[in-house]
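What follows is one structure encoded as structure tokens, with my remarks underneath.
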């Protein structure tokens with residue numbers, strides 16, 4: 001029974017006071033390499049203003065990894 005309490009305690013420690021958003025498990029530079037590559041290639045080829053779709057996709061991916069961007 002104490003083992004279950006330890007697991008619950010660990011889960012509670014991971015929840016921030018502002019809400020249940022997960023803490024990032026990796027550095028932001030290493031998160032979401034697929035969307036980062038697509039975003040960067042688009043910006044180099046077409047300019048930032050033409051790549052809002054990929055920029056937003058990368059931000060969404062980073063948020064899903066626990067980053068506040």
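Glycine too: its Cβ is placed from the backbone N, Cα and C atoms.
Annotations in TrEMBL come from automatic prediction, not curation.
What TrEMBL lists as region 'Disordered' is 1-26.
Within 10 Å of the C-beta of residue 30 (Cu cation binding site) we count 11 further C-beta atoms, all protein chains included. Summarising the annotation, TrEMBL assigns Cu cation binding site to 29, 30.
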Once the chains shown are all counted, how many other Cβ atoms turn up within 10 Å of the Cβ of residue 29 (Cu cation binding site)?
8
